[in-house]
Amino acid sequence: MQIAHFLGAGRAHRQFAFARRDKVSTQRLSDLPRLGNFWRGRPAGRRTVSLYCRSVPYILSTVNVNGVRAAAGKGLLAWLSRTEADIVCLQETRADDTQIAAALAPALADGWQLAHAEPGIKGRAGVGVLSRRPMRSVRVGIEPDSEFVSTGRYIEAEFDDVTVASVYVHTGEAETPRQEEKYRFLDELAARMSTRTGAFVIAGDWNIAHTERDLKNWKGNLKKSGFLPAERAWLDRQMGAGYVDVVRKLHPEGDGPFSWWSYRGRAFDNDTGWRIDYQLATPEAAERAKQAVVERAATYAQRWSDHAPVTVQYR
């Protein structure tokens, strides 16, 4: 079963929405039959509700946690307790639904809501959305008949004035089946992105550096996955279709800001990093972006992931 967890701010009970993992699931909390303090869900089509929704400012952060259970003990929980973010997209949780609920229990008790797509293979992938704002609906997976529907790489949460997706694009290896799998996933992702209208932000770990400014040692990576011409061209096409790289829009000059550094050697100390964590937004969402920052740890010892949160303030 795929489980989307919800814990309402200020409530003493948990809400669990269950969905079959072999189907794309889109559900509203109000649609779910109640069993005591639990709501049992089922796959359903998205039903729209005509409401007047005033746009309100929000802060959106995205971070690959590199294993949520390890990150929780190293500093993720402390970061969640002090961040001003309203919505946090998580990637590589590497946990099933029970494990992530336990790892983030203090944050959930503090008012965060969680929607999670668990990985299909133990120890790989897993994406989630944490929020202090109420979610109207959650979609798990890109396409119902996709080979990736149960892999824990895509989840989408609808709010009153914006829809936010958390995505994990896996690493590849040039000229191998794994790289071809990466391209197939990107094709499906592009198809989903092409259908989105209105205010939509897709945030996550893309495992692609778009330009030479997005990694320190670009000359040494020209033939490696993450900086291959076909991968970079894929991002070009998304920008050409109207998506905006929000961080680059707000930081048009200079290299970076990098968001990932290898644990090997002195990559972090020397800022030998990659910018592979993006917030891509439709024009309607991007026009509200006011400020962006990569929350790089002050020291190597203070890191709780090999990625840093990428945080954007939207008006």
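One-based numbering along the chain as shown.
Yeah, the Cβs are placed from backbone N, Cα and C, and that goes for glycine too.
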Quiz item: Taking Glu92, Glu175, Glu180 as the options, which does TrEMBL list with Asn64, Asp205, Asn207, Asp306, His307 at the Mg(2+) site?
Solution: Glu92
Quiz item: Looking at the binding-site residues Asn64, Asp205, Asp306, His307, which ones sit with their CA no more than 10 Å from the CA of Tyr168 (active site)?
Solution: Asn64, Asp205
Quiz item: Which of the binding-site residues listed here (Asn64, Asp306, His307) have a Cα atom within 10 Å of the Cα of Asp277 (site 'Important for catalytic activity')?
Solution: Asn64, His307
Quiz prompt | Other C-beta atoms that fall within 10 angstroms of the C-beta of Asn207 (Mg(2+) binding site) | solution = 20
Practice problem: Tell me the Cβ contacts of Asn64 (Mg(2+) binding site) under 8 Å, same chain only and six or more apart in sequence, or just say none. | Solution: Leu90, Gln91, Glu92, Tyr168, Gly204, Asp205, Trp260, Asp277, Ser305, Asp306, His307
